[in-house]
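Encoded as structure tokens, the structure appears first; notes follow it.
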């Protein structure tokens, strides 16, 4: 609902005649508003609309209210106040408020006289007395309305009369109407003021006669309401406005009157006439009380707001604690994840630069460290360092005969000994985590850093050789490892780590050529030989591709009949520029360079083709066989059995005529894998012979589960047997055990008649060697089988 427009009037005048109204308008101008109390609803609506600063209640309107009460039976008895005293007191109150008083909310003039006779008489002359009351206000003509009255707020109630039977209504004992002066029977009864109506609307000519009429209409002690009390009740009821403070001024000073005023809602009750100073002090006191109440309300409001703020703060604090706890949990999770990630990154970095088996630095890390040493040498002339390339002797034999697990254990032990033996400045690594680098297989690299002189490198190398040479327990077997080492001293000519490692590897190759447990220092001659070796590898590849590798055949003789029973196929390379290249040179080179598969395939096909031809072309040679050597690399190839089958099918050679010679180390390498490959070859119908028996760690009992048809005694046994009786006893034992197991024995490397004699005495089955015949070319074999004599004599 839209609030009513606030007009400028500050004084509400209730009831006055035309003359008084003219005077008041002339005196107050637009600061006042007039209303007739006869129309009570309109009066209170106007009061609510204009919210006056001061309400002037005219006592002369009481007669009209008495008339209205008689007509409607709303009162039992009416007492008319003294109009002159009412006007005088009203003028005094207004003058005091206007000139000095601080504003209160409502000052209600409730003056009344005390006798019923006077009330009756005054009712008849109400209009005249009203005129006199207006005349009494003339002194206000020169009095301006004080600015303090702007702050006074009051409003009227919707109705003056309270409902019938209301506790707020005040009853007048009918003894007050006949002037008896007796106290009212009802302690709550009092008449403080009277309602007003327009004097020019109703005239009562016989007010005294109206009093009995009141009593005849309604029983005694019915309520008669005064305007001052009605306004109090209206304001206190909240129907108009109830926050103001109200002071009642009346000449009724009895207990009942005061009690009625307070019960109606007044905040104070002053006797009339009121002293000016007393009224001002009361107004100030109530202003202070109202200020205190306002302050108390503000304090309560602030307390409520503070409590709400505290509650919000507490909630915010709890929320902050919850968020903080969640952040702590999140931070803990993040810290854990970061820690795990850093650990994983460190592990990945460590794995990227370290060997999995030995936990030594790997090739990538050693190259970095060697490169740093080379860079330092470029800056510092007196800086000395060396690189050692290390390879275990006969590690392949250990790995093949005892298994990969034993080989791994040996590598781990060698790495531990290297780490323990070398000084911290001699090695690459991170503190105790690395003493050397493993670059693959059984190869190690050691960076000897910060040497005082070049001779220190040899001293360190000798110390390493002695440390490694101690026996190693590998479970069921104890081996005494040895190693070969190549040294390359750092010089200003080197610009990359690869060059230095290459030269150290070249020195290692020279050391291995010299025998086991050797140390070689790289020099320029070695570099020349390394260049030649590389050129030889290229030429070997071309020779294999051009089918320029020849096969020579060394005859194998039956000891009893002295007849040729077969041949061993041996590769020969006649180089157009180099001449005849020894097999020890290019066979090892083929294995190291990955050419062994192609070379073995070439030899196998030629041997099968030549043997098939000899068995067909030469009568009486239908039972010739051929022995072909097989390397471990060929056996490890899953397609070797297929290759053998293709060579036999292509040549047409009987499968039983092909004997595949496998060394002891090859057979012992990974028994499961070797057994599978040998079984596949046996299914083809070929024969398996054990070559170089006695050079490994195996025994006949360990080979009993393999399909072996014969074994060949190593030439070392044959050479020693001719000189020592003990070796002859060993050979005799081997022959006896082989024969017990149904195996044939071939003695190779027979070079003297004496060896032939004692081998015959021991019961050896077959022999071959230079004493009987050297390897022959295919053409020489044709001559030999045809009954001719080759260029070389055959015994």
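For all residues, glycine too, the Cβ spot is worked out from N, Cα and C.
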Coiled coil range according to TrEMBL, out of 200-245, 246-291, 292-337, 338-383: 292-337
Where TrEMBL places region 'Disordered' among the ranges 80-101, 102-123, 124-145: 102-123
Listed range which TrEMBL flags as region 'Disordered', given the options 14-38, 39-63, 164-188: 164-188
Secondary structure composition of the domain 'GGDEF' (383-524) [DSSP: H/G/I, E/B, coil]: 65 helix, 38 strand, 39 coil
Arithmetic mean of per-residue pLDDT over the coiled coil (292-337): 88
